[in-house]
């Protein structure tokens, strides 16, 4: 019926890909067993402790759902004793203990009522809100106490709509002074003793009916932002900034444009990365933050966004690694190379913390831009991303530089045109040493946005960037995946399709395919026969139970399995490609996305090649004359697995192709070119490495090159020399697989997919 194990009709996917590789779980490096301070009597009831920073710092650890009271951190003093156990309101405590995490109770609720009323609320407790007659509820009517000591949902507000500005509400745990909401009226928020206010202490009713600043919250020392909360808030805020840049060029930021943002190469957005390398941060956190910034840059670039970058690391003194004026500051690869070269040890000899000097370097970069581009500087949007613990012990208050930056950029000076959209300062605080008050003072404060975040450890920062840079706005980009540790096989191979054919005499037979557009799946022609009825063909996608119906099968016109039977060649797989047109248009989601096709605008963007790149130049980039790392996706035990292979396209190509003559049915073929035409790519064998081989149900699946965090299909799995999956322990060295080279069938693909908005070159 087929050559080797074919046809394979059996069952066989600012601001980041897999981020922060190598970032461990410990906030700071653990010290040895010795400490200058005695460990006698430092135990915590219900928990444990560990030493950090060569025994100079002691961190208390508690089980999930509990927090260290009265403090998480103690420092070893020069007197040889540990810092006193005292609460944030300076109450002395004799012994540390792990207390249950609770959520703050409402201090007040205007124009309505809530229940149940309690002195405190435990994890998973719920609270409900109701408004009096004449008032309408905004926000969440029901809220649940979460594991980080915060309530889910949004602040519940009862408003009658009769005031110039809407009632700004009283976030749970805060107190508000001021109940008049006329133009220029102000409200002030307070926290109870021992809690830190994050957000805006004072808010003013502005023209247009909005409030200045951002909604406040009262934070206890044990409270952290979850990765999901940070990702959603940061992405939402940063996306608005980027879309604003797009709108400056006269484009409406529609859904499609949100997915394909291309910034003005002259620099309509500048991103400044500021990384704290001081002694209080520690080598582990510094390296982890550096890795996250590296992958942030990589991921942003994979979306086709090209801002200009500035990079500053600092301790006692700042080091400017990249200036936005550098010729290559918008080239992600070069920026990443510069970032990779920095080390925590660069600041070892002067390990103080001078945040003000670091921000002055950012100010100086902005000032040069203002002076150099006098005509256009006021259309440039600036994003500052600061990674720090918020501690500073020299140089003065860094907030003064923030004020200078705002003045330089003419932000907040004109009430009718405050230009707040042109500056966003995000501060990420990581680990147990974070000073919440200081990081809040540095960050931007905007209505309905969050710019300051405190995370529990580096692994949480990793989660933030994974979630933050892979949201619904990018679903239309080809070759994108969600590589997060919690992702399913179809999150990681979202293009993968399973095609099932029901034949009355043979039952069910299956192939693989790849989503290439909203209507089409690319697969192998030999997966079908001329007698197959459309209603007997079903397509499964995204690991879902739903089956998509087929409208038609489009074969390559030169495909003919029986073309060389007269020459004694039973099956001939040249031009073994087909397109499956679906009846229903696909709605892209995280488990259903297209793969990139060669010589399209999508693959040019994915590879970050110049727009002037030709199809031939792209082919030389992806398929040079050498062994090429590639992969295919195989199904085993109902799960998808990537298999790494090498395309033999150099000096091993001829020997790879010659092994085709060892396939059953080809024994009498003298000239390998009779069965292996220029349309084929060859993988398999044991040189330079033992490649895995495809199995029966893998036919029609994509042969893929993974480059620059994107996945580009270069081939379609067609046939193999040996069915190795019948005897996986006895794989001969001549086991080879052959794939249709998509570059060789591009005219046909371009013709059939011309209405799919793929932008063929």
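Placement of Cβ uses the backbone N, Cα and C atoms for every residue, glycine included.
Sequence annotations record features per position, and here Swiss-Prot assigns disulfide bond to 37-76, 62-98, 103-145, 131-158, 165-205, 191-218, 478-596, 511-527, 599-615, 656-682, 695-725. Swiss-Prot lists 101-160 with the feature domain 'Sushi 2'. Residues or ranges marked as domain 'Sushi 3' by Swiss-Prot on the basis of sequence analysis: 163-220. Among the features that Swiss-Prot reports, domain 'VWFA' is placed at 270-469, with the record citing sequence analysis.
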Inset, instruction - Give me the Cα-Cα distance between residue 205 (disulfide bond) and residue 478 (disulfide bond), rounded to a whole Å. - result: 44
Inset, instruction - Round to the nearest Å and give the CA-to-CA distance linking residue 695 (disulfide bond) with residue 511 (disulfide bond). - result: 10
Legend entry - Sparsest-packed among the disulfide-bonded residues, when each Cβ's other Cβ atoms within 10 Å are tallied, from 37, 165, 656: 37
Legend entry - Densest Cβ neighbourhood among 103, 596, 695, 725 (disulfide-bonded residues), 10 Å radius: 596
Legend entry - Rounded distance in angstrom between the Cα atoms of residue 615 (disulfide bond) and residue 511 (disulfide bond): 29
Inset, instruction - Compare the Cα of residue 725 (disulfide bond) against each of the disulfide-bonded residues 165, 218, 596 and report the nearest. - result: 596
Legend entry - Subset of disulfide-bonded residues (131, 158, 191) lying within 10 A of residue 37 (disulfide bond), CA to CA, in sequence order: none
Inset, instruction - Name the one residue among 62, 103, 511, 682 whose Cα is closest in three-dimensional space to that of residue 599 (disulfide bond); these are the disulfide-bonded residues. - result: 682
Legend entry - Rounded distance in angstrom between the Cα atoms of residue 656 (disulfide bond) and residue 191 (disulfide bond): 72
Legend entry - Alpha-carbon distance [residue 218 (disulfide bond); residue 478 (disulfide bond)] in Å: 42
Inset, instruction - Using DSSP, break the domain 'Sushi 3' (163-220) down into helix, strand and coil residues and give each count. - result: 0 helix, 19 strand, 39 coil
Legend entry - residue 511 (disulfide bond) to residue 596 (disulfide bond) - Cα separation in whole Å: 20
Inset, instruction - Give the number of CB atoms, excluding that of residue 98 (disulfide bond) itself, located within 10 Å of its CB. - result: 19
